[in-house]
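Colleague: The structure follows.
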Amino acid sequence: MLNKAEQISEKSESAYVERFVNAGGVETRYLEAGKGQPVILIHGGGAGAESEGNWRNVIPILARHYRVIAMDMLGFGKTAKPDIEYTQDRRIRHLHDFIKAMNFDGKVSIVGNSMGGATGLGVSVLHSELVNALVLMGSAGLVVEIHEDLRPIINYDFTREGMVHLVKALTNDGFKIDDAMINSRYTYATDEATRKAYVATMQWIREQGGLFYDPEFIRKVPVPTLVVHGKDDKVVPVETAYKFLDLIDDSWGYIIPHCGHWAMIEHPEDFANATLSFLSRRADITRAAA
């Protein structure tokens, strides 16, 4: 029988298991499904973000072919919220520590949305010995002006109405927002420890003027990279995708129409199939070169 830290979710056609691991002293929650080469999914940095709400419709598709691990980032979901400065360096360190703690047999592929994409990118540059491939989806990491559509995220006021505004900013205009999504994200966001961590995270981003790297750092990405972007992304404009493609030598692009910042939520099958196609192609090339 599974203990409470290994509860099976039956919310999707392929069950995933919730587990926890100590990653560099940070108790870290993750969901796991499938077998094979490991693929790590990393959610974005909006209030109330966590692995299940962001990836529940993608996990079962990817898990038909891979061992899928969807983690809660430092300060989000059910992962611990230590009293630290929530910088990008700390998020990179946490992801590195998580990968090491999982004791994977070989390298991992990283799939990240927004802040999660930027964090995966950082690990791929600084710890390339751990990473096989990278998927950036609506990724942060390049300079984006803190414009009006970012304000519901950066200045989230911890009200339910504010959560509705946040989700509207993150999705395309035709996306139907349901109460279950709002209620779940609002519950996570207003947890006292999560709230404190989120305020610290957004304060750091405001002080830095955004979440970005020097372009020369991005040029150092050494692994094959798929850049996925919603054509109607209001938070990180689609032009950013082309900048990533220009900077990362071994990169492919996939633009999804009628899609905002959340391809994995707005168009989960399209996004998952594009990711599978990319990962399988990379595996074929790797086998041919062996």
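Including glycine, each Cβ sits where the backbone N, Cα and C put it.
Residues or ranges marked as active site in Swiss-Prot: Ser114, Asp233, His261.
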Colleague: What residues, ordered by sequence, lie under 8 A Cβ-to-Cβ from His261 (active site) and sit at least six positions away in the same chain?
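Modeller: His261 (active site) has long-range Cβ partners Gly44, Asn113, Ser114, Gly138, Ala169, Leu170, Thr171, Gly230, Asp233, Lys234, Val235, Val236.
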Colleague: For Asp233 (active site), just count the other CB atoms lying within 10 A of its CB, please.
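Modeller: If we count other Cβ atoms within 10 Å of Asp233 (active site), we arrive at 26.
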Colleague: State the count of C-beta atoms found within 10 angstroms of the C-beta of Ser114 (active site), not counting that atom itself.
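Modeller: 28, counting other Cβ atoms within 10 Å of Ser114 (active site).
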